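Database features, via TrEMBL:
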type     : residues                                                            : note
BINDING  : 7, 385                                                              : Mg(2+) binding site
BINDING  : 14, 208, 209, 210, 211, 212, 283, 284, 285, 331, 332, 333, 334, 335 : ATP binding site
BINDING  : 91                                                                  : substrate binding site
ACT_SITE : 148                                                                 : active site, proton donor/acceptor
SITE     : 180                                                                 : site 'Transition state stabilizer'
SITE     : 241                                                                 : site 'Transition state stabilizer'
Ligand code: AMP
């Protein structure tokens, strides 16, 4: 079965075409600047050179049409005909309390995703445009949706409730949902497979550290707690997001700086974190480089970033009353030797003993970076959210065909 995975944003659409017989990627690409002039389609077939096209793509329906043209192109395509695609899987950021697993798209599912627009105004409407665009272009192909929040629906209420008037939860569903669930779920499964241990027996902390960053306490394979909350702003310090802070800062800054709510929101989401403290960049590579050249603000940003991550790891080890496995993933987690070293060296009391040589190895597969004797196993696991979306979509469609 061939499965197309789509991640639709408000002005972009990323895609990946899988052959599920061996889970190989036949082609991938992205459409950027949808709705603007000079939209760009970048198409990367598996075994042919990349193709780039600039044209006018006014909406998502046209974007999917262009993707279909690319995928079936006689020279750089990967398919003879679009009807070779038997299923489409979409990434959807917010599944609220309604979705604790991936589902096939139905009228009710679409209605529920619409109800959740309020909780993810920047993401869910764009995902809906992606779903509708596929419906228009490929009306007979079943679609599935895979939610960033679903994996965390197993959190107990002690983890997901905020200590504020409960009427706000009842009326507006204000609670912690958590994000990056597809990644936390994928890497925790990979880690258990690597260790050849049943996931049900493990106390694991997974650290998804990229531009956005979150960690999760995974008890027996189920999310027990995670650092992002009702929105992806809570938790760890990130590239441009503040993470945890005293909520009283919001009205205080609004008053002192005469800022609107939108302006403070933008400050905390886009102009804080590593970027604000370093004054250099939100990119860990640039900050680390500046730190090694002696820049004091870069060092402060790096130290705060790793300190806050260490605090979460300590908190989650306490929350689970133990820890067997610590996993690093995503852009920073997979690549930053310096970050992993700084974090692991500060929490040796938990039974973590980092092997410096193994930490410095640059490989693309799952690898262990703790010493053989380390009580807690520390792993680097490359994340692959698209593959998990493809797998869930494949399984759902296969099941619906046999039932
Ligand atoms: P992601 O959001 O998972 O794509 O991660 C993106 C982030 O990964 C970038 O902003 C970089 O800060 C970070 N990154 C990528 N490569 C490296 C590297 N070699 N060393 C340190 N950080 C890296």
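Heads up, the Cβ atoms here are built off N, Cα and C, so glycines get one too.
Note that TrEMBL annotation is computational and uncurated.
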## Note on the structure
binding-site residues 14, 91, 211, 283, 285, 332: those with Cβ under 6 Å from an atom of ligand 1 are 211, 283, 285, 332
### Message
What whole-number Å value do you get for the CA-CA distance of residue 7 (Mg(2+) binding site) and the residue listed as 'substrate binding site'?
### Response
5
### Proximal residue to residue 283 (ATP binding site) among recorded positions 91, 148, 180, 241, 385 (C-alpha distance)
241
### Query
Given the binding-site residues 91, 209, 211, 334, which lie within 10 A of residue 241 (site 'Transition state stabilizer') by CA-CA distance?
211
### Task
Look up residue 332 (ATP binding site) in the DSSP assignment and reduce it to helix, strand or coil.
helix
### Task
Compile a sequence-ordered list of residues in the same chain as residue 209 (ATP binding site), six or more apart from it, whose Cβ lies below 8 A from its Cβ; state 'none' when nothing qualifies.
236, 309, 328, 329, 330, 331, 332, 333, 336, 339
### Query
How many whole Å apart are the CA atoms of residue 334 (ATP binding site) and residue 385 (Mg(2+) binding site)?
14
### Query
If you measure from the C-alpha of residue 91 (substrate binding site), which of the recorded positions 148, 180, 211, 285 fall inside 10 Å?
148
### Query
Can you name the recorded positions among 14, 148, 211, 285, 385 whose CA is within 10 A of the CA of residue 180 (site 'Transition state stabilizer')?
148, 385
#### Entry: All-chain count of other Cβ atoms within 10 Å of residue 211 (ATP binding site)
16
### Query
When you measure from the Cβ of residue 91 (substrate binding site), how many other Cβ atoms are you left with inside 10 Å?
22
### Task
Can you tell which of 14, 180, 241, 285 has the least company, meaning the fewest other C-beta atoms within 10 angstroms of its C-beta, among these recorded positions?
285
